[in-house]
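Student: Before I ask anything, let me first share the structure, which is written out below as structure tokens.
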Amino acid sequence: MGKLRQIAFYGKGGIGKSTTSQNTLAALVEMGQKILIVGCDPKADSTRLILNTKLQDTVLHLAAEAGSVEDLELEDVVKIGYKGIKCTEAGGPEPGVGCAGRGVITAINFLEENGAYDDVDYVSYDVLGDVVCGGFAMPIRENKAQEIYIVMSGEMMALYAANNIAKGILKYANSGGVRLGGLICNERKTDRELELAEALAARLGCKMIHFVPRDNIVQHAELRRETVIQYAPESKQAQEYRELARKIHENSGKGVIPTPITMEELEEMLMDFGIMQSEEDRLAAIAAAEA
């Protein structure tokens, strides 16, 4: 068994991060890789398609029921899913109470101390990325996740979140070994989406790993709580995820320290692509409409 690769999928809420990560990991396990998924999103939906079940009980929830995390056994929190993928969800507190990041820290420490990382090739963290607060940045900050893949699209807020996540990676890149593996663009069919994703990758100094086309088969599979790899293994979309998995597998050691841009530079880039109007153009358009 080679060196353990600790990867993380970050991205803004609703971008399709959990779906993309689970389909990619299902493709990786087909390639003979042994995988542990650590869900770090309070929604606790990072393992649903691999386990083919409703939401998994989280480490924090089980610890609260048992009395403390020390009262848990590894088999209480790790479930086995598609082709032997190990799955666990860190979980988070009740909305409005406490820090969700604390659950991530508690869960990862428990898993490491109890041998969950011992016989796997990949540990994959699925992390909420709108807020790069201390807790959610923990897999980066504590030098756990070494390769970060940002799931984004051509939408303004997805680009903004991707740049913000790159800032978080840069902050910890020198003190730890964390690197940006690259961008994964989940197609939303916005204008000039692939070009825009490639332009942002160039500005961040990283690769555009893969452009995942939009396909309704993803939703059909999700309704059955399955990945596309499991639901429609011969489909074109399954091949896209296999290609993405292959690119990530071959990207070992090729991550970069990102070069995030300012908000002004991001807006300028969007203007260059005609996605966003400058204030002058906006006012001119209003004046023309009123004339």
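Yeah, the Cβs are placed from backbone N, Cα and C, and that goes for glycine too.
Okay, these came from Swiss-Prot:
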BINDING   GLY11, LYS12, GLY13, GLY14, ILE15, GLY16, LYS17, SER18  ATP binding site
BINDING   CYS99, CYS133  [4Fe-4S] cluster binding site
MOD_RES   ARG102  ADP-ribosylarginine
Student: What are the non-local neighbours of SER18 (ATP binding site), defined as same-chain residues 6+ apart in sequence with CB under 8 A from its CB?
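Tutor: Listed in sequence order, they are PHE9, GLY39, ASP41, LYS43, ASP45, SER46, ARG48, LEU49, ASP126.
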Student: What is the number of other Cβ atoms found within 10 Å of the Cβ of GLY14 (ATP binding site)?
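Tutor: Taking all protein chains shown, GLY14 (ATP binding site) has 11 Cβ neighbours within 10 Å.
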Student: Given GLY13 (ATP binding site) and ARG102 (ADP-ribosylarginine), what distance in Å do their CA atoms have, once rounded to a whole number?
Tutor: 19
Student: List nothing but the one residue from GLY11, GLY13, GLY16 whose Cβ has the fewest other Cβ atoms within 10 Å; the candidates are the binding-site residues.
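Tutor: Among the binding-site residues GLY11, GLY13, GLY16, the sparsest Cβ neighbourhood within 10 Å belongs to GLY13.
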Student: Looking only at C-alpha atoms, tell me how far GLY16 (ATP binding site) is from ARG102 (ADP-ribosylarginine), rounded to the nearest Å.
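Tutor: Here the two Cα atoms lie 24 Å apart.
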Student: For ILE15 (ATP binding site), what is the tally of other C-beta atoms lying within 10 angstroms of its C-beta?
Tutor: 26
Student: How many Å separate the Cα atoms of ILE15 (ATP binding site) and ARG102 (ADP-ribosylarginine)?
Tutor: 24
Student: What three-state secondary structure does DSSP assign to ILE15 (ATP binding site)?
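Tutor: Looking at the DSSP assignment, ILE15 (ATP binding site) belongs to neither helix nor strand, so coil.
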Student: Name the residue among the recorded positions LYS12, LYS17, ARG102 whose Cβ has the smallest number of other Cβ atoms within 10 Å.
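Tutor: It is ARG102 that, of the recorded positions LYS12, LYS17, ARG102, has the fewest other Cβ atoms within 10 Å.
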